[in-house]
Amino acid sequence: MKTLMLGAAMAALSTGVSAQTIGFSQIGSESGWRAAETTVTRQEAEARGIDLRFSDAQQRQENQIAAIRSFVAQGVDAILLAPVVATGWDSVLEEAKEAEIPVVLLDRQVDSSEDLYLTAVGSDLVHEGAVAGQWLVDNKPEGACRVVELQGTTGSSPAIDRANGFRQAIEGTPDIEIVRSQTGDFTRSGGKEVMESFLQAEGGGDNICALYAHNDDMALGAIQAIKEAGIDPGDDILIVSIDAVPDIFKAMAEGDANATVELTPNMAGPAFDALAAYMADGTEPEKFIQTESALYTQDDDPMAQYEARKDLGY
Amino acid sequence: MSQGLRRLAPQLVTLAAVVALVSAFFPGFLAVEIADGRLVGSAVDVLKRGAPVALLAVGMTLVIATRGIDLSVGAVMAICGAASAWAVSNGLGLGAALALGLGAGLLCGLWNGVLVALFGIQPIVATLILMVAGRGVAQMITEGRILTFSHEGLAFFGAGDVVGVPTPILIWIVTGVAVGLLVRRTALGLLIEAIGINRPASALAGVNARVLLIAVYVASGLCAAIAGIVVAADIRGADANNAGLWLELDAILAVVIGGTSLLGGRFSVAASILGALVIQTIDTGILLAGFPSEFNLVIKAGLVVIILVLQSPRLGPGLPGFGLRAPRAAGVARTEKATE
């Protein structure tokens, strides 16, 4: 009986027409990026004809564990999990493994043994900072370049990693010097307030050649501070930041920002691809699939990028 | 007049000392110049950035004078900023945006006031409800994203200027003077103090404590609404997650530095505003001094402790200008211990 069912299941898989059912346990919608990730995951599933069962955990691990158990009980083909915390997943992941349901982690990692999940899809925060730094190395004006840095929330891993990546990229370029570095708490108002103090402290802004912000929102606040000081952001002071939220593309289209590094909300696309390959012929993916940290500049038709992103829920 | 100055002396001395300290680290602190027809300089930044806390402190002073506290002001800022931003981004006019923002603040204040005055819920609990839930309300209005707008009329309240003076500075000065005159040129201030010192006694003396209590929470809600509109206008967007976050604590600190006892009673709106400026001078000074950001909060905490210890009744009388009113300052010292 069991072999018969297994055989039927294999047959259904091999024909390739069976609509897959995949459960997705999302953390919640605490940020615009998270909301965009949910939207994009749904779009990707629809494009592939996958029946996506979505569960919003509202920031609680117990909700996520309950959702995974429910997915296992429903007998889904695979589970996507964006874990709210790193620890405490062992037993529920083992349950999924016993039911032979592959689990793919999105965006964040867990502290469980690697054989409990198929793979993890995520972005490399150090690499994001390095891409931003490399852009400045390639695009800085002739001569010395004094850079001010708006850091993320002190002690948070994006702030630490994005700072390190940027420094690694500019290491070989003695012309570039980070002269001021302060936290803007990842917020627009924080970015604006800190940028005002940078401008005051650096000769009204005359001594600043570029701004590196750990996220776009701080850059957007800083752009307003620079404008209000009578300086031209994008020309007098180069602006490079990370995340690629819709509003930064608007600023780029207006010539106020220069470059942004994308933290893609499309973690599900690579996850679905890895799952498809695994189910087709058992191809084991790498344990970490790094998403591309694409660089966008004013040459990449920012207005079209804005239009494409503005309805994703950012 | 001289009596008023004597009341403000400790705060003025503190502000001067903090300004001197910041100037030692950043010599150009007080330099003000005119660029593009508007005043520019670190001191101007302090006055402008201090606007939200100064506005909150005006309302908070009245609430604290009645022996209450309003923890919800940060969340109310987020709600009102979101309401105004929602209005302009949906094509409503400036008038409607301001009316919606201020109306939301009035409703929030009314909610707090009714819980405290009619249902007798302790102010810290009553306002905690809106502190927690309010941010959720704001997130509902903005649908969880930063609601960006490009309405120049609304942006004027945060980023504009009147003959070179940034609008937020004018807004807190006008609000402070208006409220100060209202409570000191009429008997209102005295009645508020009476409630704070002894509510049953004031009721026996014929003060309508209920109405007055509701009124001070409404005033606090309106001040928070103005602050919320200023903050949203400043960044041309309503950030429901971060607008006014933790500012209720800075507002309470401003009132305490201003020498108003958390146990209610005598108060000074002007002293609270000076307290807000002291806090903002510290904040801006830390940014200008260029220390690594890990030190920000430690430096701020250290300076605040020094200021409060110097204003304490034990140390205060030994220093000129400090501790002139020992009974009131005693309340400050006691609450300080309680929060440790």
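Every residue, even glycine, has its Cβ placed from backbone N, Cα and C.
Automatic, uncurated: that is what TrEMBL annotation is.
Values in this document were obtained by computation on a predicted structure and should not be read as measured data.
Among the features that TrEMBL reports, transmembrane segment is placed at B:12-30 (among others).
Through the fold, the transmembrane segment (B:50-69) approaches residues 77, 116, 123-124, 127, 168-169, 171-172, 175-176, 179, 183, 192-193, 195-196, 199, 212-213, 216-217, 219-224, 226-227, 230-231, 244, 247-248, 250-252, 254-255, 258, 260-269, 272-273, 275-277, 279-281 of its own chain, all at least 6 residues removed from its boundaries and within a Cβ separation under 8 Å. Sequence annotations record features per position, and here TrEMBL assigns transmembrane segment to B:50-69 (among others).
Packing against the transmembrane segment (B:76-104) from elsewhere in the chain are residues 52, 56, 130, 134-135, 137-138, 141-142, 147-149, 151, 153-154, 221-222, 224-229, 231-233, 237-240, 243-245, 247: each is 6 or more residues past its ends and has a CB under 8 Å from a CB in it. Per TrEMBL, transmembrane segment is recorded for B:76-104 (among others).
Under the heading transmembrane segment, TrEMBL lists B:110-133 (among others).
Long-range Cβ contacts of the transmembrane segment (B:154-183) within its own chain (Cβ-Cβ under 8 Å, at least 6 residues beyond either end) map to 34, 37-39, 44, 47-48, 50-51, 54-55, 58, 62, 84-85, 88, 94, 97, 189, 192, 219, 223, 226, 229-236, 269-270, 273. Annotation comment: TrEMBL describes B:154-183 (among others) as transmembrane segment.
What TrEMBL lists as transmembrane segment is B:211-233 (among others).
Here TrEMBL flags B:245-263 (among others) as transmembrane segment. Non-local neighbours of the transmembrane segment (B:245-263) in the same chain are 7, 10-11, 14, 52-54, 56-57, 60-61, 64-65, 67, 69-74, 77-78, 131, 196, 227, 271-276, 278-279, 304, 307-308, 311, 325, 328-332, 334-336; each lies 6+ residues outside the stretch with a CB under 8 Å from one of its CB atoms.
Residues or ranges marked as transmembrane segment by TrEMBL: B:269-290 (among others).
Between the transmembrane segment (B:12-30) and the transmembrane segment (B:211-233), fewer than three CB pairs separated by 6 or more residues in sequence fall under 8 Å, so the two stretches do not touch.
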